[in-house]
Each structure stands twice: as C-alpha cells, then as structure tokens.
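Asker: Would you mind keeping the following structure in view while I ask a few things?
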C-alpha cells in the first residue's frame, strides 16, 4: 500500500475523509495519496491561520528569520530525498529536481536576510508645506494578513518557496495550495517548515479537488492576498474572483529569441537549446520561438539542430534531457500544434515522435504567422524558427503576442540591443542569454497576459506588505 500523505494544518498533520491518488507521469506508478479537503476543512485552515497571525506579526524580523533559516537548513539536508520524490511526481530529471530543492532553500535564506534589512522612514511635513513643518510621519510596512499561495506543477517546491518565504518574513500567515500533480512534493516542503518549529497556524497546506474547493479557497473572505503561478485562463479567473483584494499572477509566455546578423551563433544556439528544451519545454520562461534574420537562418538552424540531436530522451531517473510531459492532455495539445504546422507547410528539421506522454524534441524551420505554433504556448519540446528580414519585423512579431513575459536578443551591438529592449513589450529582456527566471533578487514580472505584479524576493516582500503612516503634530 502506498503512503497516505497528510495536510499540515494548525501545527498538526491531518487526513481527510476523501483522498486523491497521485501517479507518476512517466510510468503510471502510484506514488501515494493526498487528502481531498472539503470546504469545511478549508474554513478550519483559514480560521487557524487568522488566529495565529497576531502573535506571528508581533515577532521581530530577526525572530521570524530564525525559523526560515531552520527550514532552509532542513531542505538542504533532505534535498536528495525530496528531489527523488519530486523527480517521480512531475517527471523531472533527478539532478534538476534536487537542484530545485536546493534553490528553494537558497531563496528562503535570502528572504530571511532581506526581511531583516527592511527599514521604515521618517518624513517631515515641512518638505512640502511650510505650514506643516511641525508634522512628522513615521512610515512602516505591515503584513497584509493571510496569503494564499498557489504553486504550479512544473516547480511545485521552488515556486511555493518563493511565495511562502517573503510572506512569512513579512509577518503574514500562509496557506499553500500545491498543484494536484506536485502535491506530494508540496507536502514534503511543508515538513521542513513543520520541523523548523513554526508556531501552529502560521503555515498550513490545502490539497483537494478543484471542482470542490478551487473557487472556494480564492473567494473566501479570510484571504487577504492571492499569489498564483499557472495558466493564463486560470489566472484571469482568479483575478475575477479576487475582487478588490491584491493579487500576484505569474502566467503564460511566448518568449522570443531574436537573433541579429552579428550575433555569436554558437552562443545563440547553445542558449536557444537550453532555453527551449529544458524540462521538456514545460517552463513559462522557455524560449518558445526564434525570430532570426533570414541571411543567417540556415547556419543557425544547422547549429541548433546538431545540439538538439544530442539531447537524451528517456526517464527522469536517468537524468534524460527530454522526459515525459505531465499528462496525456498536455501531450495531445503539443501534438495538435505540431500537426497544424506540418499541414501548413513548416519545414520539419527534426521530426515528431511520440510514445505515450514522451515527445521527442521537435524543431521546425520556415514557420509562418498563420500557424498556431507562432502564437500559442506549447509547454512541450517543440521550437519554431520564424525567419524575418529586419529588426523592425522581429519586434513587431514579438509584440503581437498576447503574452509579454520575456525575450532574448543576441547581438554584439549593445546600443542596438538596448534600443530593441526598450521596444519589446515584455517584463524582462535578456541580452545574449536565454530567457529564464532569476536570479531571484532580480525583479520578475510579465506584461499583458503574462501576469500582474512584480516578484523577486525584495519585490515580493513589498507586494505582500502594506504601508502604514502614523503622523505626529509636534506643535500640539
């Protein structure tokens, strides 16, 4: 019998009347089960968190940081054990899975240190109005309250930790809703916080069926802030449900790599392949299309093709570069995009092969803007080359996307690179590097349908706190 994992609620590990079985995407093996919470159980989670917040926010930043450092140490200690489970649960290469756990520990440590550095300020009224020179404002940041953190399947530990740590160090309490496929990993993350000795109710987990609690956990009046990573349609729905409450949304992307004629093509090819095919393309920041000057396209396609042909395809425990996609629905969607490109005349440089959820890397040249692959986010190991004749055309195609997460520009002309970066409608532009999240002290954000709000440790702390001003009139 497989293990029954429990939710961490108000300092206790709890089962529910119903459960959800979790299976490995690569093999179909049953990995265990997680509780399927009811709405009444969600009520208890939120009530417990609310009750714990007063004492938690009363602690100093230094005291809260001690708990976070302990949790980070535990994650580092157990990185290989947790990584092995994570690798099976989401079909991620073992080394990458362990790396995700380690990076999460690093984020938690950094968040603890960043919180300790937070400072308030004192303002003098006379700086604006001579008649107010006797007024002084003390400005501080305060926690928003209860943060609902919703993490995605592709980084169920890292993109949980990047929400939890800034929230906790700020004096907030947290309810983590991990993805169904990734929920075991999320509960293992919770074990680290539990062992670190956080006071009961400060950090809690919620697992369950979307049909039962999906909207309920978001709409609940107890929630003060919603921090979500996932698809754009779900993010838009959450935004509607949130009403006037603040939200952080990290959503989809269609990141372009723009390759100019003077670019180092070996460097570009290396970054394109790493950016497009890492974790089988299941990353919001993956390179999802290459906009290349026609005069150098043949050379670049040849270099990229050679590197793609060297990628290994197989199982996560073997550290294969390309592993099975998260489920059959995802693989079917990717296949649909590929067939559309085939039917409309794209050149298949590396042909489509599929075995179950495992899709071998696919490379297309001569993709045109009437093809779905030019615009839709595949979340799979397929990359389209779109040939362009000018910088202006590349910018125009990139900006026509409904998404605006990131872009890359490869060129040795740095004044031109900055000029292009200014015109691209995205949150981040990488020069001579692949699109990617991080480092985690940098701001991370999306324009248009790629998100709302700014992440990055310091920015997340600011987002999950609110400013309070106390004004003294010393003349009185």
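Any Cβ shown, glycine's included, is placed from N, Cα and C.
This is the feature table in Swiss-Prot:
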type	residues	note
BINDING	103, 154, 155, 283, 284, 285, 437	substrate binding site
BINDING	151, 177, 180, 215, 230-251, 377	NADP(+) binding site
ACT_SITE	250	active site
ACT_SITE	284	active site
Asker: Spatially, and counting Cα to Cα, which of the binding-site residues is closest to residue 284 (substrate binding site)? Options: 151, 234, 238, 246, 250.
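Answerer: That would be 250, the closest of 151, 234, 238, 246, 250 to residue 284 (substrate binding site).
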Asker: So which binding-site residues out of 230, 234, 246 end up within 10 angstroms of residue 154 (substrate binding site), measuring C-alpha to C-alpha?
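Answerer: The binding-site residues passing the 10 Å Cα test are 230.
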Asker: Give me the long-range Cβ neighbours of residue 283 (substrate binding site): same chain, 6+ apart, Cβ under 8 Å, in sequence order.
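Answerer: When sequence neighbours closer than 6 are ignored, residue 283 (substrate binding site) has 154 within Cβ distance under 8 Å.
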Asker: For residue 250 (NADP(+) binding site), which residues in the same chain are close in space, meaning a Cβ under 8 Å from its Cβ, but six or more apart along the sequence?
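Answerer: Sequence-distant Cβ neighbours: 159, 228, 229, 230, 235, 284, 444, 446, 450, 451, 455.
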Asker: I need the CA-to-CA distance for residue 151 (NADP(+) binding site) versus residue 437 (substrate binding site), whole Å please.
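Answerer: Answer for this pair: 15 Å between alpha carbons.
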Asker: Looking at Cβ-Cβ distances, which residues of the chain lie under 8 angstroms from residue 234 (NADP(+) binding site) while being 6 or more apart from it?
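Answerer: Expected: 228.
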Asker: Using the CB centroid of 103, 154, 155, 283, 284, 285, 437 as the substrate site centre, which other residues of the same chain sit with their CB within 8 A?
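Answerer: The surrounding set, listed in chain order, is 158, 159, 279, 436.
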Asker: Go through 230, 246, the listed binding-site residues, and name the one with the sparsest Cβ surroundings, counting other Cβ atoms within 10 Å.
Answerer: 246
Asker: Hey, does DSSP put residue 250 (NADP(+) binding site) in a helix, a strand, or just coil?
Answerer: strand
Asker: What is the one among the binding-site residues 151, 154 whose Cβ has the most other Cβ atoms less than or equal to 10 Å away?
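Answerer: Per the Cβ count, the most surrounded site is 151.
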Asker: How many other Cβ atoms are found within 10 Å of the Cβ atom of residue 284 (substrate binding site), counting all protein chains shown?
Answerer: 29
Asker: Relative to the Cβ of residue 238 (NADP(+) binding site), which residues of the same chain, six or more apart in sequence, are found under 8 Å away?
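Answerer: 150, 218, 226, 228, 247, 249 - these are the non-local Cβ neighbours of residue 238 (NADP(+) binding site), listed in sequence order.
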Asker: What are the non-local neighbours of residue 285 (substrate binding site), defined as same-chain residues 6+ apart in sequence with CB under 8 A from its CB?
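Answerer: Sequence-distant Cβ neighbours: 253, 255, 275, 405, 406, 435, 436, 437.
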Asker: Would you mind reading off the Cα separation of residue 155 (substrate binding site) from residue 242 (NADP(+) binding site), to the nearest angstrom?
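Answerer: So the alpha carbons of residue 155 (substrate binding site) and residue 242 (NADP(+) binding site) sit roughly 24 Å from each other.
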Asker: Expressed to the nearest Å, what is the distance separating residue 103 (substrate binding site) and residue 246 (NADP(+) binding site) at their Cα atoms?
Answerer: 27
